[in-house]
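Engineer: Heads up, here are the entries from Swiss-Prot:
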| type | residues | note |
| --- | --- | --- |
| BINDING | D133, D135, N137, D144 | Ca(2+) 1 binding site |
| BINDING | D169, N171, D173, Y175, E180 | Ca(2+) 2 binding site |
| BINDING | D217, N219, D221, E228 | Ca(2+) 3 binding site |
| DOMAIN | 61-117 | domain 'EF-hand 1' |
| DOMAIN | 120-155 | domain 'EF-hand 2' |
| REGION | 2-44 | region 'KIS' |
Amino acid sequence: MNVRRVESISAQLEEASSTGGFLYAQNSTKRSIKERLMKLLPCSAAKTSSPAIQNSVEDELEMATVRHRPEALELLEAQSKFTKKELQILYRGFKNECPSGVVNEETFKEIYSQFFPQGDSTTYAHFLFNAFDTDHNGAVSFEDFIKGLSILLRGTVQEKLNWAFNLYDINKDGYITKEEMLDIMKAIYDMMGKCTYPVLKEDAPRQHVETFFQKMDKNKDGVVTIDEFIESCQKDENIMRSMQLFENVI
């Protein structure tokens, strides 16, 4: 990891602890998300000019090695913000890494650990996997991947905030508790490992969670609803700015 980027992430972590942010930046660049997720699809960038790319996804589905068949290309195109050609490229890359057509959690963790070798990304990858696994069947299909990627790369602020809320709502009950936020925060700090400079305080995750709830738990009932979450994020420039760190760890 580039030293300057590490220092930048460290600074953002410190800012997040003081502002209660740490979810998504309204004006942040999309390169980091795209680069990380495209690493899961190593053949996607290298074959864009190959004639084989022009083959339809429907033809690819006939291959016996693919056990999970994705939805019709036209339906995925309608449900996402990708073009038909982009979906073809993404599907080839996905299938190259995952011939079965789905990614289980262990494989997802192995892939994600390559992004943060200096720390332990296991727990955070678990939470991220569950955010992509929208039907909660223990596997991320091509459809799951595309729908999540479409929001992260090309979604509106509202869509991204909804996606981020789902990530922090670990038990998917429609609320974010202090315990859930603390679990996510600890997982992120574990993932960053010893690469941060200056070294973050041991109680930084807990301090951040307390600040987060002071800003977002409007009725002081100990949980944050989706409405409280979105309203607070959109009204607080500090929160929106510090949300940029989320792109660096996605």
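Cβ coordinates are placed from backbone N, Cα and C, and glycine is handled just like the others.
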Engineer: Centre the Cβ atoms of D133, D135, N137, D144, go out 8 Å, and tell me which other residues of that chain have a Cβ in range of the Ca(2+) 1 site.
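Structural biologist: Leaving out the recorded residues gives F132, T134, H136, G138, A139, V140, S141.
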Engineer: Relative to the mean position of the Cβ atoms of D217, N219, D221, E228, the recorded Ca(2+) 3 site, which additional same-chain residues have Cβ within 8 Å?
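Structural biologist: What remains near the Cβ centre is M216, K218, K220, G222, V223, V224, T225.
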Engineer: Taking the Cβ of D217 (Ca(2+) 3 binding site) as the reference point, list residues of the same chain whose Cβ is under 8 angstroms away and which are at least six residues distant in sequence.
Structural biologist: V223, V224, E228
Engineer: Fill in the CA-CA distance, D169 (Ca(2+) 2 binding site) to D133 (Ca(2+) 1 binding site), as an integer in Å.
Structural biologist: 13
Engineer: Rounded to a whole angstrom, what is the C-alpha distance between D221 (Ca(2+) 3 binding site) and D135 (Ca(2+) 1 binding site)?
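Structural biologist: Cα of D221 (Ca(2+) 3 binding site) to Cα of D135 (Ca(2+) 1 binding site) measures 29 Å after rounding.
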Engineer: Can you grab the distance from D135 (Ca(2+) 1 binding site) over to N171 (Ca(2+) 2 binding site)? Cα atoms, rounded to a whole Å.
Structural biologist: 13
Engineer: Between the binding-site residues N171, N219, whose Cβ has more other Cβ atoms within 10 Å than any of the rest?
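Structural biologist: Within the set of binding-site residues, the most crowded position is N171.
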Engineer: Within the chain of E180 (Ca(2+) 2 binding site), which residues six or more apart in sequence place their C-beta under 8 angstroms from its C-beta?
Structural biologist: Y168, D169, I170, N171
Engineer: So of D169, D221, which of the binding-site residues has the fewest other Cβ atoms within 10 Å around its own Cβ?
Structural biologist: D221
Engineer: Which residues in the same chain, at least 6 apart in sequence, have a Cβ under 8 Å from the Cβ of Y175 (Ca(2+) 2 binding site)?
Structural biologist: D169, V223, V224, T225
Engineer: Using a 10 Å cut-off, grab the number of neighbouring Cβ atoms around the Cβ of D144 (Ca(2+) 1 binding site), all chains included.
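Structural biologist: If we count other Cβ atoms within 10 Å of D144 (Ca(2+) 1 binding site), we arrive at 20.
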Engineer: In whole Å, how far does the CA atom of N219 (Ca(2+) 3 binding site) lie from that of D173 (Ca(2+) 2 binding site)?
Structural biologist: 18
Engineer: Could you name the residues, excluding D169, N171, D173, Y175, E180, of the same chain that surround the Ca(2+) 2 site, i.e. Cβ within 8 Å of the Cβ centre of those residues, in sequence order?
Structural biologist: Y168, I170, K172, G174, I176, T177, V223
